[in-house]
Structures are given as C-alpha cells and as structure tokens.
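Asker: One structure, as structure tokens, below. Some questions next.
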C-alpha cells in the first residue's frame, strides 16, 4: 500500500512534465499537436489495460508489466531536455545556452549566441519573486483564471471517475465496458484538437460542457426504464466522449494560461484539486445504486452547466504567445472581447521568418 502510494505520487508528473517541456520549445501552431500525442498515449494505455488484466486475472503480474516500462525513462534520460524558457525564467543562462545548442544540433541548425549575449538581453528583466501556489492568486485576472481552471478540472475528474465506476456496474463484461469507454477518447481528442484550433479553446471547452449537460437530460428521463438500457449505455459513452474533449481542451488551456515560472505549479494545483474532489465519485455511484439511479446525472448535469458558463470567462489562448512572467499572466487576455472568436495572425514571409541564431532571441 505504501509503495502504491509512492508510485501514485509520480504519475501526474510523468504525464504532465514532458508535455509542458514540449509546448515550451515548440511553435504556437504545434502546441495542440503535442497535447494530442500525449493524450493518445494515455488513451492507448487505458484501452490496453482492461484487456491485459482480463488476460492475467492477477494484480501482481499486472503491476509488474505496467510498471517496468517506466524504467525506459532512465535509459533514455540523456535525450530528455530541460525547457530553455524555464531556465531563463530562473536566470540559469548557461544551462539555457546548452539546451539551445542541443536543440539546434538535433534540428541541424547553428546557434551562435553566447551566454553573455543572453544575459545582456535579460538583464533589464526584473527578477520576479514567486510564492508557490499563492502566486497563482496574485491579481484578480490570474486568480479568476486559476479558479475557473480548477473548477473545470474538478468537473472533468468527478464525471470521469463516476462514469468509469458506473461501467463496472453495467450488465455485460466489465472489461469490455471499460474498454469501450476508453476507446472513445481517441476520436474525442481528435475532435477536441480540430475544434480548439478552428474555433478556439474557450468555445470548445464551454460547448463540450454544455452538450454534456444536454446529454444528461434524456439520461434522467430514461434511466428508470430498463427497456432503454442500450440507449442509456450509449448516452453514457457519449458523455465520456465529451468528457475527453473537455479534458484535452482544459489541459491545453492550463498550459497556455499560466506563466513559464508557474506553469508546472498551476497544472499541479489543478491536478490536486481534481483528485481531491474526484473522491466523491464513488459516493455518486453509491447514491445512484441505492437511492435513485438518476441522482448522479442530476448532479453531473448541474456541474456541466456551471462549467459551460464559467469556461466562457476564460481568456482565449489560441494564436497567443505563452506568458513567460507573472505580469504577463496577470494581463493575459485583458483586451479580448467576450463575444469573439480567435483570428489567426497574418502569415509571415519567409524572408522575415525568425532564425534560431537571431541576436534578439526571445523564448
């Protein structure tokens, strides 16, 4: 039990850290692509997991088989880089230069900037003092974004765990029920990426919450009638599909809203809140099986509706530069109009494309 707890402490970091690093070293138009690669890995794992356990039927070999592959990280650790953005935010200019050169070498490019030149660029930047999680509430706009993001993650977690637990209580093979709920996540991530890149993260997050709310209405009306069992199973899978869209979009928003110096902290706070609130999921399932089968859908429907409204008050992050400082995060989206969709910036001619070894390189 102790070792299971220790292993659980590392899961979210293993999932989030590579994605954050990838987004911080990539172009704006590639951020959602990196997020979908990471999400695909998660869904493939959760899809294979019930099949593996169905075959093994014992938790000891299951734990070994699912844990040992993580040792590959140790073997390939030399290929893992640190985010130059984060290093610069911590004034570790020498380490940042080494990472820039490593990236340039892999891409077949030259990077001629010296540590002294990099220091000269950022000496005018005032060193910001951060106070851990408390810094995420320093300023009305940043505090509002943090609260809404935290609520979004909590709703996603509660609905996710509730639907997963409900799948084990459905008729039929519990392993196949879990498999079907996991496999719908893959097309959901594809849809989430398309909508997020086409209409923006804010619209995608809010609309997926709202459609989930609408899907709860027929569930409430039909849940007590056994002849609609397959309809209920289909609607539950559809809500799981929408849940994956929201999870993808909310995760992407969180990484684009928080500043470089606090990005990991902001994501960690959302994860902590989601896991803490997610513990109510078994009680919702218990409520549905002992009191009224419609009860969980009443509660989830209300949460989805509140989430849909709250998500509209988040700033749009599509086509926006990642905030690097606390000041940029406090003012992020300050000029955005409430009733608007994001517009792509004008294309840049090849002659004016930024080069890796430019003299005024900015992370």
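Just so it is clear, glycine is given a Cβ too, placed from its N, Cα and C backbone atoms.
From TrEMBL, here are the annotated features:
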DOMAIN    1-319  domain 'Major facilitator superfamily (MFS) profile'
TRANSMEM  33-56  transmembrane segment
TRANSMEM  62-81  transmembrane segment
TRANSMEM  147-166  transmembrane segment
TRANSMEM  207-224  transmembrane segment
TRANSMEM  230-254  transmembrane segment
TRANSMEM  266-285  transmembrane segment
TRANSMEM  297-314  transmembrane segment
Asker: Considering pairs 6 or more residues apart, do the transmembrane segment (147-166) and the transmembrane segment (33-56) have at least three CB pairs under 8 Å?
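Answerer: Touching, no - the transmembrane segment (147-166) and the transmembrane segment (33-56) miss the threshold of 3 or more Cβ pairs under 8 Å.
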Asker: Are there residues at least 6 beyond the ends of the transmembrane segment (230-254) whose Cβ is under 8 Å from a Cβ of it, and what are they?
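Answerer: For the transmembrane segment (230-254), the nonlocal Cβ contacts are 19, 31-32, 35-36, 39, 43, 149, 152-153, 155-156, 159-160, 163, 166-167, 170, 180-181, 184-185, 187-189, 191-193, 195-196, 201-202, 204-205, 208-209, 211-212, 215-216, 218-219, 222-223, 266-267, 270, 300, 307, 314, 317.
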Asker: Kindly say whether the transmembrane segment (207-224) and the transmembrane segment (297-314) touch, using the definition of 3 or more Cβ pairs under 8 Å where each pair is 6 or more positions apart.
Answerer: yes
